[in-house]
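First comes the structure, then the notes that go with it.
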Amino acid sequence: MEQPARVIDEEDGNRQVQERKPRGWKTMPYILANEAASKIALYGVTANLTIYMSDYFNMSLLTANNVTSIFNGFFQFAPLVGAFLSDSYLGQFRTIIYSSFINFLGMALLTLSASVPGFKPPKCNTSDQELGNCVGASTFQHAILYMSLAFLAIGCGGTVPCSVPFGADQFDKTDEQHEKETKSYYNWYYALIAGSIFIAYTVIVYIQSEVSWPIGFGVPTGLMAFSIVIFFLGTKLYIYVAPEGSIFTSIAQVLVASILKRNLVLPYPDDVDQQEKELYDPPISAGKFKLPLTKQFRFLNKAAIIRQGDINQNGSPKNKWALCSIQSVEELKCLIRIIPVWFSGMLYFLVLTQLMNFTYLQGIYMYHKLGPHFTIPPASIYAISYLALTLFIPLYDIILVPLASKITKIKGGITVLQRQGVGIFIIIIANVVGALVSKKVQDSPLSSDGTSSLSVFWLTPQLVLIGVSGAFNDVGQIEFFNTQFPEHASALATAVFYASQAVASYLCTPMVNIVNSVTSKNGKRAWLNDNDILVGRLDLFYYVVAILGVVNLLLFLVSAHLYQYKDMKIRRELNDSNYSEMSSSDTQ
């Protein structure tokens, strides 16, 4: 049975709330086409950003890399702000639309900076570069560049956290068939994104490197415009879930109320079913899942104890900072339960990012020719991992999931936590493989230019394992956060996923510095050389990273064992009851 959802009619200027049935896969051509085009555009613009600023704005590689790092930091943390605005005020559809236009504006400015002579400094030739006589960019030219990057970061802050949950909202979570389709949606969504990034790292990067930067930026800008148009075409079909206010306010209210009532005794402390009947449990809005009271973190249950004078005649609390509903209490518990899993996800991305970063750096010092005439751009080696991810996910969804489901009797084949655990294990193996390959590269004969004579394709095994690991862990994390977060914080769920990547990225440099500081004592050569990665001991560093991965796997296994999932069966029964009440009231 399909569940009518509480939606906002986007065509009604008065924002009238009305019911509309989820259409599932019928909406996906518009949503997924939008995502594919926008991701090719975004990664096509940012993949080669350091090289662009070095070539066109006469920055040193170090300065250009620092600017790129700052941009990436804003890019990864901005979704937290976008998620807050979406969940609290704008809703996902409006956030995606507004942010897409901002993204388009940023790409258009970047394209102009590469095309209009007055928007960039004069081209610097090789001799001037060697003498340090290059003319730097003016204040105006820097302003155009940084404004374009700021628009891109702001735009991504809105589109990144909202795109996944907006697509998931198009499925009826109370219908078993739709629930199965939702799991497939997460798989195919991530496969499509990986395929889009693969195209960006190959086709777009090649255009920028071998054709021209104006065309290399102009193509992504055109794709961004196309993505906005295709997204608008599906407006008649979409479910528009109304924002319900900030979850942070609700969190604070539960914490304050439970502290104020810390000296009160919970009724029926050993019987949660009886206790639930005694606590504040008002009806929830139609179409929203009701969470049952749990014993975990029972101190917070005190926030729902009803004291004399706490409730108005209409049943509402007189002071929301002194009395909270069971629903609010359980939503906070959901967030607390997620913290250990999030921390493990962050460590996973730390292990992954170190491997990705040094695979790229090692690839720079390897043989890049493919045939007599074609040279592989360094940034394009990442495409191997995204291609592996793109090809593996359909195999996983079509073949492995049905086979595993017959054995485990689980709809997704394995649970989302088991899926994450498999990804953590594979990334450990990828680091071990990386160490073995790195040792072979270091021992290989050097070419006349000081690079290894081995082909860059020797890095393929670890890159493929990176892709397969992402198919398990990345998709598992996205599904986990989007299903286990409170419903009205779905955009925040995706933003938290990207925030873990941001924290991991910032931890990479301190970890490298610590390793170099320890290994360079007593006059020894540091494992990781700034100028030539081939002269260090990258293989030993990979083993250290693999050990960190093993520690993370052990921590994750403990967290997964203790984790308490939402009670999906109870949620479905309660929602069916809500649906019956809605239907009877409508007929009246």
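The backbone N, Cα and C atoms fix where each Cβ goes, and this holds for glycine too.
In TrEMBL this protein carries:
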- 1-20: region 'Disordered' (REGION)
- 67-85: transmembrane segment (TRANSMEM)
- 97-116: transmembrane segment (TRANSMEM)
- 143-167: transmembrane segment (TRANSMEM)
- 188-207: transmembrane segment (TRANSMEM)
- 213-233: transmembrane segment (TRANSMEM)
- 341-361: transmembrane segment (TRANSMEM)
- 381-404: transmembrane segment (TRANSMEM)
- 416-437: transmembrane segment (TRANSMEM)
- 540-563: transmembrane segment (TRANSMEM)
Spatial neighbours of the transmembrane segment (143-167) far in sequence, C-beta under 8 Å, 6+ residues away:
27-28, 31-32, 34-35, 38, 42, 45-46, 53, 57, 67, 71, 74-75, 78-83, 85-86, 92-93, 95-96, 98-107, 109-110, 112-113, 119, 137, 185-186, 189, 238, 478, 482, 490-495, 498
So which of 97-116, 188-207, 341-361, 416-437 has the most C-beta pairs under 8 Å when paired with the transmembrane segment (213-233)?
97-116
Taking 97-116, 188-207, 341-361 as candidates, which has the most Cβ pairs under 8 Å with the transmembrane segment (540-563)?
341-361
Could you check whether the transmembrane segment (381-404) packs against the transmembrane segment (341-361) - three or more CB pairs closer than 8 Å, residues at least 6 apart in sequence?
yes
Lying 6 or more residues past either end of the transmembrane segment (416-437) yet within Cβ distance under 8 Å of it, the residues of that chain are 341, 344-345, 348, 351-352, 355, 358-359, 458-459, 461-462, 465-466, 468-477, 479-480, 483, 538-540, 542-543, 545-546, 549-550, 552-553, 556-557, 560, 563
Can you name the far-off residues of the same chain, 6+ from the ends of the transmembrane segment (341-361), with a Cβ under 8 Å from a Cβ of it?
378-379, 381-382, 385, 417, 420, 423-424, 427-428, 430-431, 434, 459, 462-463, 466, 469-470, 473, 477, 480-481, 496-497, 500-501, 503-505, 507-508, 511-512, 528, 533, 538, 541-542, 545-546, 548-549, 551-552, 555-556, 559-560, 563
